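Novice: This is the structure, below, for whatever I ask next.
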Amino acid sequence: VLFLSVYEVVTVTGDVKGAGTDANVFVTLFGDFGVSPKVHLASSRNAFEKNKTDVFRIKTQNIGPIKKLASWFLDRVVVTDMIRPHLRFYFPCNNWLSREEGDNLFVRDLLGSLNPMDVPKERRLDSDKDNFERGSEDKFTIEAPNLGRLRKITIGHNNRGSSAGWFLDKVMIDDMGNKEIYEFPVNRWFAMDEDDGKIQRDVLVGSMQPMIIYNVQVMTGDIRGAGTNSKIHMVMHGSKGLKNSGKIFLEGGAFERALIDTFNVEICELISPLSRVTIGHDNGAVGAGWYCEKVVIYCPFTGIEQTFPCGMWLDEDEGDGLIERELYEMVSLRQKKQKYPWSLWIWTSDIKGAGTDAQVFLQIYGEKGKSDEIKLENNSDSFEQGQLDKFMIEMPDMGRLLKLRIWHEKRNPFAGWHLLQVTLLKTLTMDKYSFECGRWLDINEDDNEIVRELPATGALIYRVTICTGNVSGSGTDASVFLNVIGDLGDTGERLMFMSKNNVNKFEKGNHDEFLIESVFLGQVRRVRVGHDGRGGGCGWYLDKVLVREEGQPESSATEFPCFWLDRNEDDGQIIRELVPAGDGVRLFVGYHIAIKTGSVNGASSDSKVFVKLYGEKGDTDKVILAVSDNDLRNYFETARTDIFTLDTYDIGKINRLLIGHTNEGLRAGWFLDSVQISVPVHGMQYMFPSHRWLCKDEADGKVEVEIYPSEVLEIEKVINYEITVVTGDMRSAGTNADVFCQIYGDEGKTEILALKSRSNNFERGTTEIFKIEALDVGKIYKIRIFHDGKGIGDGWFLEMVDIKRLTMAMVQIEVKKEETTKKEKKKDKKKKKEEVEIIEELQEVVETFTFACSRWLARDEEDGEIVVELLADSNEELESVNSYEVYVYTGTMWGAGTDAKVYITIYGESGDTGERWLRKSNRLNKFEKGQEDVFSLTAVDLGVLKKLRIRHDNSQASAGWFLDRVEIIDTKDDTYFFPCKRWLAVDEDDCQLARELVPVDEAFMKKGDEDEDDSEATLGLEQKMSTTYTVKIKTGDKKYAGTDANVFMTLFGTKDDTIITLKASKTHRNKFERGMIDEFTVEAVDLGPLRKLRIGHDNGGSAGWFLDWVEIDAQSVGQKLRFPCGRWLDKGEDDGAIVRDLFPNPLQSEFYTPVPYEIKTFTSDVFGAGTDADVFIVLYGRDGVCTQQKSLCVNKRERRMYFERGAEDMFIVELEDVGDVIEKIRIGHDNRGVNPGWHLDRVEIRRLLRKGKGSETVIFPCERWLAKSEDDGETVRELQPSDIITEKLSRDGSLKVTEVEVEDALEAHTYNVSVMTGDVSGAGTDANVFLTIYGDLGDTGERKLSKSETNSNKFERGSVDKFTIEAVDLGQVFKIKIRHDNSMMSPDWYLDQVEVFDLDTEEVYLFLCERWLSRKREDRLIKRVFYVKVIYELTVVTGDVQNAGTDTKIFMSVFGANGSTEEILLRKNEDRFERGQEDTFNMEIDDIAPLKKMRLRIDGSGSRPDWFLDKRDLSTEEVYVFTYEEWLSRTRGPKRTMICEMPAVVDDEVMVELTTYIIQVKTSDVSAGTDANVWVIVFGENGDTGRLALKESTKSNKFERKQVDMFRFPDILSLGDLSKVRVWHDNTIAPGWHLEHIDVKDEFLDKTFRFPCDRWLSKKDDDGQIMRELACANNDYLDLNEKTYEICVTTGDTDETKENAWIVLEGKKCRSKELVMENSSKKKRFLGNVDRFEFSSKNVGDIAAICLGHTPKDGKKVKGEAYWHVEEVVVTEKELGNYIFRCNALIPLSPKRDEFLTFECTKTVESFASKARSLVPVKYEIIIITGDEKGAGTDANVFITMYGSNGDSGSRQLRQRLRNLFERGQTDRFVVEMLDMGDLQRVRVEHDNSGLCPGWLLDRVEITNTANGVTTIFLCGKWLDTNRADGQIARVLYPKY
């Protein structure tokens, strides 16, 4: 039942000149229960006049409490619910609805309220004389509704005139009606250039209450033309929209492309968090359009930062033309920043000269932390003598305040300042703190300090001694600063200005003393010291810093050791944090800060950049980033990344970051793109996006900004090592070579670590300390240290190495004993000594490992080795050094030798040797053909050898090397054999330069000697121990992205790592070119799961390379990992790095469980049966599940070895699991190599059984050629199984073998494929075409369409090519994938259609394509997927009566439950449609089943226009019969009609009943009647009625003013529920017609449907349209709380259940409760069939997922495993439609409610009611572009029909008055209103061929749905001309995309 309500709408038009309107005004009401239709406020002629109140009554469904009201100067609207008249809603507008006035909006959303107070009205205060003059008082009288008690006013001005600035003292308001006087004190400037620059303010009554400041950031998009000069305004709406900020103009913003403008907005309401934001502009400037990216609003009071994305144009000419938008928050981006506002009052003393002009800073310390340094804005009149200055500041929660530090910049001449006191008040809690001072901050007064610490407790003095070292050049003249940091705070950075004992400070060997006055700091923990790097020779060698409290003895001082602070020494840092001696490893965490400068113009900065990190455990200081790690010449250059390391104490998880610059230098302004902070010690990486200017002259003028992390990623975790290296004190002991070290521990090894810094390292007699971050290897047992032998004097005498690291250990500590009894307490008082006990506790301690060396690493000293392995002194268990004899045997084949450098790594149970160069052999010329070379290697004993890695560097000519084997003899005379027998070459075998070899038993080697043939096969299996990795590398698609440098890669697994040189790509000869993917094969033994990858190049050639990603597939371990990069490896781009570490992205990684299959191939024993081609296989299970295509051979060598004539070859292949049944296999080869043809006898596949011991072997017979030159020329075959042999272990231990013949195997089918190339210019292709056919049982795999059976030259324009494909039965074919390889001269191809004919089942599958496969045309794709059209067989029976046959044109339309077809012409084809004849056609129809009815129409042409139709049948699986048995003729039969409709009859059931439609048409009460001919078409569930002429009315003169005309149409097939009516007239006599509504009654259903119109159908009135589509008003649905859901459950045949099941519906609105589906003995459910259930539940909205559970009936415990097999669940809700869930899952029986399975919705079918509701009137903008060729224009009348997912528009004429349309090169624009078409699918454009020059070249049509801004483009580029091309004057166009 539809409840109608009457609403009274009162509109009050404003009292402004020109405020009235003559337009039609519409209103839409939005309530809790729904939305009313758009209602015309129709009334007397003079409604909406200036200053007039109009009352309207409208009748619509009850929409509940009214929420908002949507679409002249409108003042306000008042809506009263007449049923509940006490509900009166007030909608303030106070704005123009006009395209010319105000902000040009003519549709507004008004927010309603029950409170008339919420209707603020902006009043203009002006009178004739000069108002608002200095010191004057102006009076104004305002009339307004009674607002009750006043709370606030908003006052402002429009900033016009020469001196707009205004200082307002206060406003007084006398409420005469209520006899109240209100005072609003203001005392602020309203001026752009004074105070805070605001010209509008909210003022509270009587208040000095603080206003709330909102920080608003507005980001303009990075799109061409995005910026604007218009005036931007915004409104912030509080939660539930109850309060808002009023309109705020954002003055002073730039609103330039890609910029962020920041504003501080003051209002008096706390409305955060906001519900939404309105933003818009006044459209008032040239280029007014603006593209707004987003708005970010931060409220300091709540600490909430909200992001409101926009990402749309606010532009009349773009998109939907709106210039004001509502933005809603993206809640996932919400940040909670905990900062609180404080009131800060500062008193300057009242003594002479006490004031200051200097910039004052302040920092506050509390129990929980400290604030930032706060800069107090010093206006010209701040800090004057005897003055109080007030500030508002924000600080985080710091607990109780302890102290305050205040200081100033002493640069100004009048900088001295005498500060009396400071007061702080927390405005939220009113906590107050006072800090007394009463001292000078002046370099010439008092103690010359300009920093004061004001305590909440007494002050203290610290004595600091700074000791400069005795090294050459150690002194400095730079300014030194120091900060002492203790448990209770720090002193801040103090300039070390006045040394107490030396005039010339910081000279070599000096000990300078300074006094620092501060609050008590507790235990002093750290000292931060540095200098400003100014002046010549500013480098400084600081030996140590001593800190003690004044008055304490020197022995109590804490010592902080240090070293260089010099840009050119050590690590280049000039600021350090020092910790007490020995604590270095413990306390420091390295923060690696990568700062990316934006790529906008002028983004770079010359200023100094500083950062400050805020963490959970504390903050760092503000640190100037002086020295970068990657050392780019200039820092912070455009589009570059600079990396800095900050070594400081652990601040815990980082919460936020402060970054800024000092605004110095010529070009100080800086555009910061983003900051990335890596903390390897924590294993964390933080991303901080910024994308904004930090510049005084850009955006908000800020030069520092706080950023919060957008994402936090986990990275590899490391620990700190401190490595001390001592070089010997003997002649030329030092080295200039690069030194490297690798550390081995119980838990693994580190990477190779470079020991280097900026100083000259490893000089004679020096000790150097290196801080290194590396993996935790557990207890260290050995290190390897070596150098690269480069540079002059590379020999090095290494004395010793020390390594310090943190570890957890049990430590003994002393604890005071607790007293137990009172007696003992008394005794204790007498005793002076306290008792202590010693307990053990787990603590972090520093562990030191010492490695003595005392030997040379030099080519010309001792044994000539430059690598040494050292054992830790503490490690006695390990045997010491072992010597390994390595015998390398080069193969005997031609070209086997090499001159390249060969490197070897030997791996044992306890570590490895590292990579060693095989330099010194027993032969002069190493590695020659057939030669044995012997080398000696020294290393710490490795235990039993596990594997060996050998590689060469591919240097010298003919570097390729055939390695036969390696033998290794260790000192114990154990011999290990490592067979290889493979090439290490880029042009042989699998192109690898490295091999990993495993040792084999000597017996195998001997066996090989006796029998040559066997050895190869055996060793082939040995090499299966290695993992094969397929590596894909994608080079980015950017300019200059490719590289010619040599690329190398290191894979790091959890167990080991391996380095690979990427030389030979499998896919491209020229590797790493722009946009390409290169594929490589890599083999490695036992790396464990991959954790990271290092990739880089040697910077040779044109080296810069943009790497997109690397993908690594390791099939044997079942993981495919994607390592994203997306960065340059280029010295001149980004951060200048040419080596990067990449980590796998878990979201893009795939893991699968590989199953081992043993595959045996049997090659036939016929001549030429063998092959060297690459053989591949694919296995198929049930339901089309298949494995990836897998090559059986890894490399050329294996390909040569296997598949010989008569051979039986076995492969163990790990593939995805396809289930228990293998339905078919596909096997084929790539036709390469010598004699690739292969005669395959059979394939056997063996796999282990899932349960129990045993295996199953499936036999696939073939006995055919796979060869281009034999049989049918195919090189791919699909094989079905013939027999299955099962071997099971029986209980008695014997093997039971059974052989079963496969009975229900899939058959082999032959598919005939016809490919039709289109008949358009350039349609043909010479490229290679590939096709894949998909059915519900599997697919064919990709097949090349090589041999056309019809044409020698394939795929030519207009031709049909036929191909035969053999494949195992695919079942129902549903899609194809077709592509070409873009090869040859003209690869572009226009494919018309593909037909697939299954010879065995005689089924035809048609795929309509009609698209280009081209890199240049349309969407530039050369691969497309097409889905099948349904083919019906149509039988037409012509009656057996005289003259029954016809030659007229017959048109057919079919209507189904899921849509209808267009009219289809049934071709005569000479002999069809003759008397008594049955004609059969195959018709291709969209899938609209089940069919409901058919319409036939004849056009009466031809010599025999009359036709007697008996019946017609349409059949697929279902047979539909349509019977007529009557004439279709103008002259014969009782009906005299040329059109008929027939219901479908299925199994004697009629699908549609006949009914009578009564149509009532009401003409409006306007001078509105018409005498033109009127037609309607009614649309409903079962299609439409066809065209009905409204001729026979009850009234003789139809369609007169205010008249109702009734028309009766009997014997029409019922349409079911109706959705819309199309009505139009032919514009003949008195054509203007104003239609009020149409009612349609269906007598069979006894239902009346109302279609309101209330519009003109007139070419002269309204929008000039004479056709209207009217939506049904009955379909407005009531969103009731309760809904009825029907649930259909399909249970599988396998696992049925007798227990209960339950279901939960998860909707977009909410979740339903558990709905139990009961299984009783009377009603048995879930037994392999479909069960229906009905539940009523609260409305959950659109259903997204369901949860299914399976539970015992009586809640008893479950014994054993039981499952319920659910195949499908369908949930139906009448209003919304069907939701289909394909489950196909086993649900375990469990009494627990939390054990269930969740399934997402696979398909939704929208209900008719839901579709009908979506039919709302929409304006479509149609743009027609005529071609630019001679004679392209037309004078004919043009018509367009649009087809969408909701139906068609009917044919609409495109016309405009007084304009010559469709001229050459012209663009014509039309706006047509129709009901929403849904997604546009095609358009039909035609003309009537009238006029002088009717021929027309149509270029394209663009249609925009103005409601959602979606534009669809239809390309044409063809003539509509009877004399050109194909002579067509109608074209059907499809969307471009």
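Cβ atoms are placed via backbone N, Cα and C, with glycine included.
Where the annotation comes from TrEMBL, it is an automatic prediction and has not been curated.
What TrEMBL records for this protein is below:
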- 85-204: domain 'PLAT' (DOMAIN)
- 212-328: domain 'PLAT' (DOMAIN)
- 340-455: domain 'PLAT' (DOMAIN)
- 460-579: domain 'PLAT' (DOMAIN)
- 589-708: domain 'PLAT' (DOMAIN)
- 719-835: domain 'PLAT' (DOMAIN)
- 815-842: coiled coil (COILED)
- 1027-1143: domain 'PLAT' (DOMAIN)
- 1155-1280: domain 'PLAT' (DOMAIN)
- 1309-1427: domain 'PLAT' (DOMAIN)
- 1430-1542: domain 'PLAT' (DOMAIN)
- 1555-1671: domain 'PLAT' (DOMAIN)
- 1818-1934: domain 'PLAT' (DOMAIN)
Novice: Any chance the domain 'PLAT' (589-708) and the domain 'PLAT' (340-455) have 3 or more Cβ pairs under 8 A, given the pairs are 6 or more apart in sequence?
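Specialist: Since 3 or more Cβ pairs under 8 Å link them, the domain 'PLAT' (589-708) and the domain 'PLAT' (340-455) do come into contact.
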Novice: Restricting to CB pairs under 8 Å, which listed stretch, 212-328, 340-455, 719-835, 1027-1143, is in contact most with the domain 'PLAT' (1155-1280)?
Specialist: 1027-1143
Novice: Pairs 6 or more apart in sequence, C-beta under 8 angstroms, 3 or more of them: is that satisfied by the domain 'PLAT' (1818-1934) and the domain 'PLAT' (719-835)?
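Specialist: The domain 'PLAT' (719-835) and the domain 'PLAT' (1818-1934): touching, no.
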Novice: Mind looking up the mean pLDDT for the domain 'PLAT' (1309-1427) in the predicted model?
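Specialist: Overall, the domain 'PLAT' (1309-1427) comes to a mean pLDDT of 87.
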Novice: Mind tallying the domain 'PLAT' (460-579) by DSSP state, helix then strand then coil?
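Specialist: Counts, helix then strand then coil: 3 helix, 57 strand, 60 coil.
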Novice: Which residue counts does DSSP yield for the domain 'PLAT' (1027-1143) in the helix, strand and coil classes, in that order?
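Specialist: Tallied per class, the domain 'PLAT' (1027-1143) gives 3 helix, 64 strand, 50 coil.
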Novice: With DSSP, how much of the domain 'PLAT' (1818-1934) is helix, how much strand and how much coil, in residues?
Specialist: 0 helix, 62 strand, 55 coil
